[in-house]
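For reference, the structure discussed in these notes is given below.
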Amino acid sequence: MSVTVDLSGKTALVMGVANARSLGWAIAEQLLAAGCQVGFSYQGERLKPELDKLLVGREGVWSQQADATVEEDLTSLFGRVKEEFGHLDYLVHSIAFAPRSAMEGRFVDTTPEDWNTALTVSAYTLVSTARHAEPLLRSGGSIISLTYHASQKVVPKYNVMGVAKAALEAATRYLAAELGGAGIRVNTVSAGPMRTIAARSIPGFGTMYEKAAASAPLGRNATPEEVGKLSLFLLSDLGSGVTGQTVYVDAGSSIMSMKLD
Ligand code: NAP
């Protein structure tokens, strides 16, 4: 049986596309294929040419610079959403950052500066973007973010980012509880390791990628396309009964404690 998702007449904002490998782009591709109108935000002008390349020739798309930690940028971005779309149906938060210094050393040595940076960029911005989106979101609207299993289990070198992802998952539940009355759902997609720019900054990522594939029940890692498909499910009416959840798309690797062969 095939399920066709028709999102014509729907609108989305995708935050955090650095290039074609970004998970935000894998999600945007599914939204665009379903006929959704999509606006994009990028952190700095440095990234604009990459995004422009992806958007060339596509209809109903626009982009604007916004550092998610800067309140004025968010005010301007959501002002643009209102101007372009009038309302918003879907918000995709695909943003994370931790200074490399916080991931190279021991977790016990995490500085307050690195802690604050990682948790502000990677978790608090879900709260602030949801606050800006709330007046524009209609009933049936949906918010997703991207998380990783290092929130639940220790993953070597993930350090403060594991704590930030735990905060993101908890924030998802609090937002879901508050926004549910207005018919707005909030979930987070827990993706297995994927080869993106953000992943490259994690020391030993290559080894982690190989080991996750080897121990996963499916014998491989999940793909960005599979992240996109789960996200489409959660954003659209297909996921209408799901809110406040951390939903895994990792070829099952998170269920394994060890593999003997
Ligand atoms: P990515 O392509 O590097 O995307 C991360 C995006 O976050 C970049 O566009 C980055 O912009 C943006 N960003 C960082 N700080 C920002 C800020 N202050 N304001 C606005 N944007 C900011 O890497 P990705 O792997 O697709 O990451 C997307 C999400 O997936 C993240 O939440 C990540 O933790 C999550 N995730 C990734 C994996 C994986 O293995 N790749 C697994 C599970 C979850 P700049 O390039 O300018 O910094």
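For all residues, glycine too, the Cβ spot is worked out from N, Cα and C.
Automatic, uncurated: that is what TrEMBL annotation is.
Over in TrEMBL, the protein carries these features:
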BINDING   Gly16, Gln43, Ile95, Lys165  NAD(+) binding site
BINDING   Ala98  substrate binding site
ACT_SITE  Tyr148  active site, proton acceptor
ACT_SITE  Tyr158  active site, proton acceptor
Conformational class of Lys165 (NAD(+) binding site) under the three-state DSSP mapping: helix
Chain-internal residues near Ile95 (NAD(+) binding site), provided their CB is under 8 angstroms and they sit 6+ positions away: Met15, Gly16, Gln43, Ala68, Val121, Ser122, Thr125, Ser145
Nearest of the recorded positions (Ala98, Tyr148, Tyr158) to Lys165 (NAD(+) binding site), judged by Cα-Cα distance: Tyr148
Distance-selected recorded positions near ligand 1 (C-beta under 6 Å), from Ala98, Tyr158, Lys165: none
Site diameter for NAD(+), Å, by largest Cα distance between Gly16, Gln43, Ile95, Lys165: 20
Secondary-structure category, per DSSP, in which Tyr148 (active site, proton acceptor) falls: coil
Assigned conformation of Gln43 (NAD(+) binding site) - DSSP reduced to three states: coil
Count of other CB atoms lying within 10 Å of the CB belonging to Tyr158 (active site, proton acceptor): 25
